[in-house]
Structures are given as C-alpha cells and as structure tokens.
C-alpha cells in the first residue's frame, strides 16, 4: 500500500516547491490555459498585456503587468500571440536580450510565410534565445489533461541551454518533450498541426477507390446482369449483399498490400546485393503507410463480420432458406446431407473466425499504447509472423468460399471473373513470392545482406556518392 502511494506521488507534479517565474505575453485561450497549468505545477506566472487590469479570465494567482515590466521579472518569456502582432516586440528588444523567448504560434496555411514564425521572431529579437515549442498542444489538452499524442511537445532552437530550460518546463507540466534540433526545424513543426492525417491520405484514397470500383463491378454483375438476362429485380442487394461482398474483398487486398512492399524490398536488396542504397521514393512512402493500410483493412474486415452476423435477419435470406424446406415438404422427400458442402462451409467459417482473431491481434499491437509495452523482437514477431499467418488464413477463407466459381462457366457473367477471384490476386502473389524467399538458397544471402554484407562494395559507395552529390 505504501509503495503504491509513493509511486502515485512521484507521478504527480511537485507543487510544494516553488519554481522560477515565467512571463507570458498574451491572455488568449492558450495563454490562460498554459498559465493556469504552470501555476498548478508550482511556477510563478506573470502576464504581459496591453491592459494591466486583472480580468476574471486570468488565473487568480497570476500577475498582470505591462509587457516591459513583465519581461523584466522572468528569464523565460512565452509569446502566446499571432505573428501579425509581433511588431510590438521591437521596442522590447533590449529588455529581451539574453532571455529565452518561446514562440508557440501557428499559421493558417502550410508554408504561409517564407520563413517560420520562430525564425521571424529571431530576426526581430537578435539578442534573444528563441525556442519553438508548445504549438502542437491545444488549450483543451492543457485544461483537460493531455493524453496520448497530445502529450508530445516538439521543441527546437539554436541554443542548447535555452532548449533544455524549455524542455524542463514541458516535463514539469507532465508532457513529453521531443528535441527536433535547430531552429531550422521550426517550419516543419509549424506545419505539423495543419496536416490532416498526413499518413492516412494514400490508404484512405486507395480504399475508397477500391470500394467504388468493386461497388460498380458488383452492381453490374449482380443487379444489372440479372435484371437484363434473368428478369430478376435484385436491386435490394445494394443495401446488404454488395457491401458484404465488397468489405472482405477490400480487406484482403489491403492486407496483401501491407506485406507486398516488404517482399518488393527484399527482391530489390537481392538484386542490388546491398542494403546501403535507398529504395525508390514510392516504395519508401508505401512502407511508411503500411500501418494505416492494415488498420483500414481491419475496419473493412470488422464490417464484413457485422454484415455476416446480421444476414440471417434479412427477409431475402429467410425466404431463400425456407424455399427448399417447403419444396421438400410438398414433395414428401428429404434431401440427404451433403457432407462435402458441410466440410466446405464449416472450414471457410472456421478459417474466417481464426483469421479475424489474428487480424484483431495484429491490429491491437500496432496501437502506440500496446507497441510501446513490447520489445522490438516481440513486435516484429506479431507484425511479421502472425501477420503472414493472418494473410494465409484470410486467403484460405476466401479460396474455400469462392474457389468453386473458378471452373464454373455461370460465374463469368459478361465474361468477367467473380469478385472473389479478383481479391485473391494480390495476396496469392505475396504469399507465393514470400514462399520463394524463405528457401535457404534465397534466405541466406538476403539475411547476410541485411546484416551488412555487400556483393560489390565499391559500386555501392559510388552510387551513394552520386545520390549525395545530387542532393546537394
């Protein structure tokens, strides 16, 4: 009991010890939230404002002074105002000389100005030690308690001591500072909050494109074809049947695309005989978004599971299941159990359930809160070994379910293959190439290459020299 109490006390901010004075220019939402949080953590906060009258919105334990008076009382000055209002800082240049000036501003557009706000501030105050920080944290996160990604605070600056002082404040607030280097990184840090799911754009657009393509593909074969040639109106398939066919197909294709770049990277390394040459840009970007592709694939697989569980409630399914029963009753004849079909149906269901279980397991371990609790070997085992097992099980699930249509002429409406046949192209290609790569005659040289061995070291050095020279 005592141990737990001491651990809890260690995690809480130490408010009993009074820390140094910090000046904040600006009494807006973020300035007030930051000041309130700093007061809770034991800092003495003084606000610099045009109006020295104390407002009800300002934390009650804070002082409100003029900009010049407030700056003179603190070694660290936080600028919580927008760039277009920086001009008032010019007369304060001498007062701010030698002080740590923290820029927390953001822009309205990506690369809105030629230089970052922090670099512009450094030009206005040449004697100040400018640090960029806190721009990736919201006022709401400071007020409600930052969690997960909002705990990270990117920090950059040219003065190492100034950066360390700011990072100490970040740690005192219960946040996690990430040193991004010199002030040249400020532009990238300021662009970060303006990016809307930067690593998700390609996976989302790809999944939407595949969904749209397969929707119209199924619409043509399952609704339009049957209406023209069989005179059956199956337009209600749009609500349940077609989505339940699209979801597993897109999920399987996206899962195959998660592991395809790793296979291509292995082939490229074998061809080059070295790991010290960069992959093509398209392959680099593809490998960086594999996690997002996998999570979207898991979302489609989950939708498929929900649609499948809801299928027995459909009127069409009830009618289709009751039709043979009524036919047998009218003919006074009982059809014997087809054990082959029973094996096939039970097998594809079992493969789907087990495959979905491993799919969920792989998806859970990709979450930061889980991946941070396992070591690299454990993470690699789950993502690679169990990931390929998931791909095998899901591919087998689709093969057992849709394999009967490969040799059936009725499956090729308008001479087009069934949707399940198309879904097997990518995963089967990945599994076949991966099967070849695990042969000892292939795996051994690939392992040596990944451990640093080179087939022709001189050519690798020359290519790296050319790449570096072209980059310069």
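Note that Cβ sites are derived from N, Cα and C of the backbone, with glycine treated the same way.
Among the features that TrEMBL reports, domain 'Pyrroline-5-carboxylate reductase catalytic N-terminal' is placed at 21-107.
Marked as transmembrane segment by TrEMBL: 204-229 (among others). Cβ atoms under 8 Å from those of the transmembrane segment (204-229) belong to residues 197, 235, 237-238, 241-242, 245-246, 249-250, 253-254, 257, 292-293, 296, 300, 413-414, 416, 418-419, 422 of the same chain, restricted to positions at least 6 beyond its ends.
Taken from TrEMBL, the feature transmembrane segment covers 249-271 (among others). Counting same-chain residues at least six beyond the ends of the transmembrane segment (249-271), those with a Cβ under 8 angstroms from any Cβ of the stretch are 203, 206-207, 210-211, 214, 279, 283, 286-287, 290, 293-294, 296-298, 300-301, 304, 359, 387-388, 390-391, 394-395, 398, 419-420, 422-424, 426-427, 429-430, 433-434, 437, 442, 445-446, 449-450.
According to TrEMBL, the domain 'Ferric oxidoreductase' annotation covers 249-383.
Counting residues 6+ beyond its ends, the transmembrane segment (292-310) has Cβ neighbours under 8 Å at 199-200, 202-204, 206-207, 240, 243-244, 247-248, 250-252, 254-255, 257-258, 356, 359-360, 362-363, 366, 387, 394 in the same chain. According to TrEMBL, the feature transmembrane segment maps to 292-310 (among others).
The feature transmembrane segment is assigned by TrEMBL to 348-367 (among others).
Taken from TrEMBL, the feature transmembrane segment covers 388-407 (among others).
Annotation source TrEMBL lists transmembrane segment at 419-442 (among others).
Using a Cβ-Cβ cut-off under 8 Å and counting only residues 6 or more beyond its ends in the same chain, the transmembrane segment (388-407) has close neighbours at 248, 251-252, 255-256, 259, 301, 344, 347-348, 351-352, 354-356, 358-359, 362, 418, 420-421, 423-424, 427-428, 430-431, 434. Over the domain 'Ferric oxidoreductase' (249-383), the average per-residue pLDDT in this prediction is 88.
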